[in-house]
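The structure under discussion appears below in the form of structure tokens.
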Amino acid sequence: MDASVDKILAGKYPAKHHAKRVAARIRELGHGEAGVIYLESQKTRMIEDNDGEMPFRQRRNFFYLSGCPLPDSYLTYNIEEDHLTLFIPPIDEDSVIWSGLPLSPDEALELYDVDAVLSTADVNASLAHYCSAKEGTKVFAISDQVSPHITFLPFQETDFDVLKRAAEEARVVKDDYEIALLRRANEISSKAHVAVIKAAKSAMNERELEATFIATCMSYGCREQSYHPIFAGGTNGATLHYQKNDQDLVDKTTGEKKLNMLVDAGGEYRNYCADITRVFPLSGKFSAESRQIYDIVLEMQMTSLAMIKAGVMWEDVHSNSHRVAIRGLLKLGILRGTEQELFDKGISVAFFPHGLGHYLGMDTHDTGGNPNYEDKDSKFKYLRLRGVLACGGVVTVEPGLYFCRFIIDPYLASPELGKYIDANVLEKYWSVGGVRLEDNVVVTQNGYDNLTTAPKIPEEIEKLAAGP
């Protein structure tokens, strides 16, 4: 593990810095110099018709301003006084019997970058104090995230709109601490991807490889997964968000291992996500057709990475990836026509139907992307990130090519579009399934910093897959 990451993470999560960033964004959006930010953590929730608790996932905006993973907590930030207060649950004697002593206010003050820690019983009194201290104080909260017992009546004005926007826009640019968390999530997840490739030689089912990935992540400190992982053997890789992860890796017809394994998985480290995709041959060596498609996707990714720096339009990077795909598929004879004609007609969408990437942070599809799902151009409809890349933003770069009959058949059946695809040549590639390569990179002023260390050079992949 990177020792420089350990050094950064030895300090406190910079909640106070984040609170100032959000307050500054509120001011930039025209909402004055004073006021109180109010946020609640996620509540403890029970499984329906059961006495067990649902899996807990902290509200991201609350964590951003507190660094606190506890449920049933609150925070206030007095913008004018620059004072951040965390409110945590008091001791419940019945709970102590089962769960042990909770975190005390003094312990919380040592752990978190806040100015004061009080009991949740003190929230309303503290809110009333802010109002009495200065007439006309305004409170900023998020609609539908305020408990019924909380009262804002003493405040002259309550704003339920701007805080969510301000927090989500502030979260786009990551500080050094956040980048360290993302780097650690990538370090661990990359180790897990390597473990999966090595384990595949003896594995007989997709679920065995999922188990290997999760176990490796947990052993290094990622107790949660960033999202439901994808372990897609053979043609299952043609389904973008394949979910079953329980199919045999041996083809029942031939009795041999399926061609490829697509793994899209990332561990979550202290609420920050990795999102990595790799493809490897289950036999230890790519088939000729698989290698041809892999090489095109790798070129799509490498040329995209070369374009990345602050100020670049993401749509331009995405468009370039489509052009690389078109040139590659033309060379193989799968497509017919000119590059420009195929680009204008959107034929590459039949094989590359999703966006090139998205922002990454506490959420896998992180805030600030501004997608336009109403876009009439099929190449951009599912692009989750639009506009200029921000310096300090973290993006995924995940081009792919898929041989999915459900997507491609309508193109083949179209009198207008079918002429651009050679069905006879295409026939050789259905068994490839899908190839996607995904790295997580920090956008810098003059380029990028790739956080992902999992191997992707095909010769390295084959060596790992073939085993000793």
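Easy rule for this one: first residue shown is 1, then count along the chain.
A Cβ is built for glycine as well, from the same backbone N, Cα and C atoms used for every other residue.
Straight from Swiss-Prot, the features:
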- Asp264, Asp275, Glu438: Mn(2+) 2 binding site (BINDING)
- Asp275, Glu398, Glu438: Mn(2+) 1 binding site (BINDING)
CB contacts for Glu398 (Mn(2+) 1 binding site) [other CB atoms within 10 A, all chains]: 24
Set of same-chain residues at least 6 away whose C-beta sits under 8 angstroms from Asp275 (Mn(2+) 2 binding site): Ser226, Tyr227, Asp264, Gly266, Leu360, Thr364, Thr396, Glu398, Glu438, Asn440
Assigned conformation of Glu398 (Mn(2+) 1 binding site) - DSSP reduced to three states: coil
Other residues, Cβ within 8 Å of Asp264, Asp275, Glu438 Cβ centroid (Mn(2+) 2 site): Ala265, Gly266, Ile276, Thr277, Thr396, Glu398, Arg436
Other C-beta atoms that fall within 10 angstroms of the C-beta of Glu438 (Mn(2+) 2 binding site): 22
Check: same-chain CB within 8 A of Mn(2+) 1 site center, minus Asp275, Glu398, Glu438: Asp264, Ile276, Thr277, Gly357, Thr396, Val397, Arg436, Leu437, Asp439, Asn440
Secondary structure at Asp275 (Mn(2+) 2 binding site), reduced by DSSP to three states: coil
All-chain count of other Cβ atoms within 10 Å of Asp264 (Mn(2+) 2 binding site): 24
